[in-house]
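Annotated domain 'RNase III' per TrEMBL: B:20-146, in sequence order. The Mg(2+) binding site annotation in TrEMBL covers B:E62, B:D132, B:E135. Marked as active site by TrEMBL: B:D66, B:E135. If you look up TrEMBL, you'll see B:174-242 marked as domain 'DRBM'.
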There are 2 protein chains.
Amino acid sequence: MVRRFFTSFKKLSNKDKRLVAAVKSIVGYKPFRLELFRLVTQHSSVAKTLPNGFRASNERLEYLGDAILGAVVADYLFKKYPFKDEGFLTEIRSRIVNRESLSLLAKKIGISQMLESDFSRSRYHFKSIYGDMMEAFIGAVYIDRGYKYCQKFIINKLLIPHFDLDEIIENNTNYKSILIEWSQKENKSIRFDIEDQKQEGSKKEFRAAIFVNSEKISKGAGLNKKKAEQNAAFKACRKLNLI
Amino acid sequence: MVRRFFTSFKKLSNKDKRLVAAVKSIVGYKPFRLELFRLVTQHSSVAKTLPNGFRASNERLEYLGDAILGAVVADYLFKKYPFKDEGFLTEIRSRIVNRESLSLLAKKIGISQMLESDFSRSRYHFKSIYGDMMEAFIGAVYIDRGYKYCQKFIINKLLIPHFDLDEIIENNTNYKSILIEWSQKENKSIRFDIEDQKQEGSKKEFRAAIFVNSEKISKGAGLNKKKAEQNAAFKACRKLNLI
């Protein structure tokens with residue numbers, strides 16, 4: 001691995017000094033290759049085009065970070081729960097590794113602030129931006145320091161301090177099922193509609209609506225159909241006093 | 001890492017000796033923890049129930065191997081194609097890491113034979129069994145030797161010898177599109193149907209049929225709808241002399 005650590009911290013621009021400080025406070029070390037972490041904040045909508053026509057954004061790092069995060073969490077759960085089957089492991093992993101929880105995590109540990117110093121907030125109306133940055137950040141740590149280091153970062157700095165696994169395992173409420181059960185008991189017709197779908201780049205946002213006896217009683221949004229439905233179903237359960 | 005290498009090869013059963021030899025010929029080393037590789041051949045349909053009620057099968061290793069393989073291939077493509085965007089990387093990865101190609105790989109490198117020595121072939125009429133074993137095998141190498149070793153195994157023993165990346169990149173033919181284009185030009189009605197869906201455990205097999213002017217002209221199968229449709233579309237294209 002080529003380690004091009006900037007020898008003189010003093011020669012850095014103020015913006016780069018802030019970036020070095022941010023990485024050090026989040027991961028615990030000064031980055032070897034600062035350009036990787038500069039890229040983390042480059043959303044595709046503001047990507048610079050290189051002389052060869054390639055647009056340099058954080059999307060490649062995001063793709064890599066997503067895969068590395070998936071592997072590290074898979075390994076962690078595999079060893080932590082030796083007598084749980086793969087269905088359980090897959091389910092718990094998907095509750096840890098999803099855009100909503102990664103967005104929240106990015107805000108908690110301050111990765112979202114790396115962006116605010118660079119760009120105006122208004123450009124990023126799309127929620128998934130922080131989750132994407134979180135994954136890109138993980139990709140950058142992996143390229144900069146390798147698997148072992150990145151694995152320790154994910155487990156010790158992200159997973160253990162920010163995810164309560166016991167709670168994640170317990171919190172298995174399927175609001176859609178509660179609603180369907182209720183409708184059968186009460187002899188009501190129920191309909192789940194995916195109403196609308198916003199698209200930006202490769203990201204989609206889904207909107208679900210729930211109708212009881214043809215009357216719309218709730219709506220919800222999410223980054224996939226299931227999430228949107230669950231969100232709408234949760235609101236419907238609250239409205240109908242089922243939870 | 002605890003290394004419980006069996007000290008005396010002579011004390012092993014003949015079956016275990018064959019397993020050690022198989023692992024050595026495939027990966028290049030004698031396994032530290034033979035029980036991991038014994039588990040690779042344990043399909044869920046023949047899993048043994050442990051005293052605590054847990055059914056020991058290869059499914060947990062498969063879940064882990066899938067994640068590790070995804071990360072290693074993501075990293076490999078990320079570094080090999082520095083100026084390709086994440087859409088390209090994701091697409092190429094999915095053409096390498098899918099059940100069909102992993103099944104084929106398992107047969108090529110002899111992992112499928114580890115099974116034949118243990119069980120009768122007739123039990124495993126479901127194609128994905130070898131792909132599952134391939135993933136479980138990767139999971140076992142990872143647990144036995146760690147990420148770095150497993151990464152080298154995947155790249156040097158699987159990826160480089162058995163996948164022609166140039167061919168994979170070129171071979172981007174979408175037979176469904178060819179068919180739709182043809183039907184519009186020739187003013188024919190065309191319909192793609194998912195006819196039937198076999199399920200075994202968590203695995204599904206889909207069957208697609210294609211109708212031109214309400215007449216069935218081809219059918220195809222695959223482990224997802226898209227694959228089944230592409231398969232049927234390929235046959236239809238051949239039949240109609242479009243390729």
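Note: Cβ is positioned from N, Cα and C throughout, glycine not excepted.
A Cα-Cα distance of 5 Å separates B:E135 (Mg(2+) binding site) from B:D66 (active site). For the pair formed by B:D132 (Mg(2+) binding site) and B:D66 (active site), distance between Cα atoms is given as 9 Å, rounded to the nearest Å.
Across the domain 'RNase III' (B:20-146), DSSP assigns 89 helix, 4 strand, 34 coil. B:D66 (active site) has a Cβ environment of 24 other Cβ atoms inside 10 Å.
Sorting the binding-site residues B:E62, B:E135 by the number of other Cβ atoms within 10 Å puts B:E135 first. Report note: the Mg(2+) site is defined by B:E62, B:D132, B:E135, and the residues of the same chain whose CB lies within 8 Å of the CB centroid of those residues, excluding them, are B:N58, B:E59, B:L61, B:Y63, B:G65, B:D66, B:L102, B:G131, B:M133, B:M134, B:A136, B:G139. According to DSSP, the secondary structure content of the domain 'DRBM' (B:174-242) in residues is 26 helix, 29 strand, 14 coil.
Summed and averaged per residue, pLDDT over the domain 'RNase III' (B:20-146) gives 86.
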